[in-house]
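Colleague: One structure follows; several queries about it will come next.
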Amino acid sequence: MIRRIGVLTSGGDAPGMNAAIRGVVRAALSEGLEIYGIYDGYQGLYEDRMEQLDRYSVSDVINRGGTFLGSARFPQFRDEAVRQVCVENMQRRGLDALVVIGGDGSYMGAKRLTEMGFPCIGLPGTIDNDVAGTDYTIGYFTALETVLEAIDRLRDTSSSHQRISIVEVMGRHCGDLTLAAAIAGGCEFIVLPEVPFSPEDLVSEIKAGIEKGKKHAIVAITELVCDVDELAKYIEKETGRETRSTVLGHIQRGGSPVAYDRILASRMGAYSIELLQQGYGGRCVGIQNEKMVHHDIVDAIENMKRPFKGDWLETAKKLF
């Protein structure tokens with residue numbers, strides 16, 4: 001029987017993580033369970049930095065970005081001896097289960113703890129929207145609004161100077177954030193990690209737009225596809241149009257979460273407690289067709305793939 005639960009946030013922060021912690025804490029307390037907050041992710045778990053939380057511990061956090069528990073990348077967690085210390089710390093504290101909020105790297109940590117016999121539930125907290133088994137991740141919609149606002153501002157100045165602007169968006173190997181922001185922001189060109197990219201082809205498309213009378217343009221590109229500064233130089237050289245690159249960077253991770261992220265995080269947090277009380281462990285929570293779902297965390301990491309929104313891209317091409 002589950003009586004005492006730990007909760008931590010891990011990896012890159014995302015708006016809505018605080019709302020998720022709140023959902024876990026309030027739902028656990030409503031069921032008569034004890035809940036412990038673990039500071040700075042798996043590193044804090046290894047260092048035994050945790051404390052008991054009550055309902056007032058999560059007052060006034062639902063509207064705050066970031067995570068009040070803190071987060072840290074802890075590559076040493078790959079070492080089985082380090083994980084064993086973590087398990088021993090939780091056992092000594094009397095914890096029966098752990099809720100982990102983070103991305104796929106955080107899920108991998110939860111998977112390894114589950115394999116060591118300690119039940120974990122994973123909640124998808126990342127702006128990248130790249131976690132399998134869920135339509136959306138906590139923080140994605142807030143980041144989308146942040147990127148869209150930046151694109152709108154770039155369009156103002158790009159149109160004033162008849163300039164080509166390249167905006168680099170986070171997402172790693174997933175183009176969801178870039179694609180959605182590009183459609184919403186009316187970007188003329190989209191470069192995604194899921195689609196083969198050629199600078200020469202992009203320049204040809206830009207030249208075609210110029211020949212049709214296009215005075216300015218915005219290129220939305222997912223990080224890691226290429227060096228955007230070098231791409232800007234190449235486009236300017238080939239087109240004769242002033243071209244500037246803007247890397248949005250970590251500003252995309254900050255800010256007060258939008259309503260949907262707060263609701264999603266709250267629902268997922270509460271659902272994780274339901275699953276633990278039903279005897280589940282080694283699961284990850286998702287939302288599909290607006291319903292809460294759960295999957296085997298090993299299956300989600302190793303076998304499940306996020307479908308590429310090819311139909312969205314085809315729509316975008318028709319609009320630009």
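For all residues, glycine too, the Cβ spot is worked out from N, Cα and C.
Copying in the features that Swiss-Prot gives for the protein in this structure:
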| type | residues | note |
| --- | --- | --- |
| BINDING | Gly12, Arg73, Phe74, Gly103, Asp104, Gly105, Ser106 | ATP binding site |
| BINDING | 22-26, 55-60, Arg155, 186-188, Lys212, 214-216 | ADP binding site |
| BINDING | Asp104 | Mg(2+) binding site |
| BINDING | Thr126, Ile127, Asp128, Arg163, Met170, Gly171, Arg172, Glu223, Arg244, His250, Ile251, Gln252, Arg253 | substrate binding site |
| ACT_SITE | Asp128 | active site, proton acceptor |
Colleague: For ATP, what surrounds Gly12, Arg73, Phe74, Gly103, Asp104, Gly105, Ser106 with a Cβ no more than 8 Å from their Cβ centroid?
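Modeller: These residues sit around the ATP site: Ser10, Gly11, Gly41, Gly102, Met108, Gly109.
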Colleague: From the binding-site residues Gly12, Val25, Tyr56, Ser106, Gly186, pick the residue whose C-alpha lies nearest to the C-alpha of Met170 (substrate binding site).
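Modeller: Among Gly12, Val25, Tyr56, Ser106, Gly186, Gly12.
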Colleague: Quick one: of Gly12, Gly103, Gly105, Gly186, which of the binding-site residues has the smallest count of other CB atoms within 10 A?
Modeller: Gly186
Colleague: Fewest other C-beta atoms within 10 angstroms of its own C-beta: which of the binding-site residues Lys212, His216, Arg244, Arg253 fits that?
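Modeller: It is Lys212 that, of the binding-site residues Lys212, His216, Arg244, Arg253, has the fewest other Cβ atoms within 10 Å.
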Colleague: Return one of helix, strand or coil for Ile251 (substrate binding site), based on DSSP.
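Modeller: Going by the DSSP assignment, Ile251 (substrate binding site) falls within a helical segment, counted as helix.
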Colleague: Measuring Cα to Cα, how many Å separate Gly12 (ATP binding site) from Asp128 (substrate binding site)?
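Modeller: With distance taken Cα to Cα, Asp128 (substrate binding site) is 10 Å from Gly12 (ATP binding site).
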Colleague: Considering only the binding-site residues Arg73, Asp104, Arg244, Arg253, which residue has the minimal Cα-Cα separation from Ser59 (ADP binding site)?
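Modeller: Result for Ser59 (ADP binding site): the nearest of the binding-site residues is Arg253.
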Colleague: Compile a sequence-ordered list of residues in the same chain as Val25 (ADP binding site), six or more apart from it, whose Cβ lies below 8 A from its Cβ; state 'none' when nothing qualifies.
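Modeller: Counting only residues 6 or more apart in sequence, the Cβ neighbours of Val25 (ADP binding site) under 8 Å are Val7, Ile35, Gly37, Leu53, Asp54, Arg55, Ser57, Val58, Gly269.
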Colleague: Check each residue in the chain of Asp128 (substrate binding site) that is at least six apart in sequence and keep those whose C-beta is under 8 Å from its C-beta; list them in sequence order.
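Modeller: Set apart from Asp128 (substrate binding site) by at least 6 residues yet with Cβ under 8 Å, we have Gly103, Thr137, Tyr140, Met170, Gly171, Arg172, Cys174, Asp176, Leu177.
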Colleague: Tell me the Cβ neighbour count for Asp104 (ATP binding site), meaning other Cβ atoms within 10 Å of its Cβ, over all protein chains shown.
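Modeller: If we count other Cβ atoms within 10 Å of Asp104 (ATP binding site), we arrive at 19.
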Colleague: So, in DSSP terms, is Lys212 (ADP binding site) helix, strand, or coil?
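Modeller: Assignment for Lys212 (ADP binding site) reads coil.
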Colleague: Between the binding-site residues Ser106, Gly186, Lys212, which lies closest to Arg244 (substrate binding site), Cα to Cα?
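Modeller: Nearest by Cα distance to Arg244 (substrate binding site): Gly186.
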Colleague: For the substrate binding site, please report the maximum Cα-Cα distance among Thr126, Ile127, Asp128, Arg163, Met170, Gly171, Arg172, Glu223, Arg244, His250, Ile251, Gln252, Arg253 in Å.
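Modeller: The span, Cα to Cα at its widest, is 32 Å.
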Colleague: Using DSSP, would you call Arg244 (substrate binding site) helix, strand or coil?
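Modeller: Once the DSSP labels are grouped into three classes, Arg244 (substrate binding site) ends up as strand.
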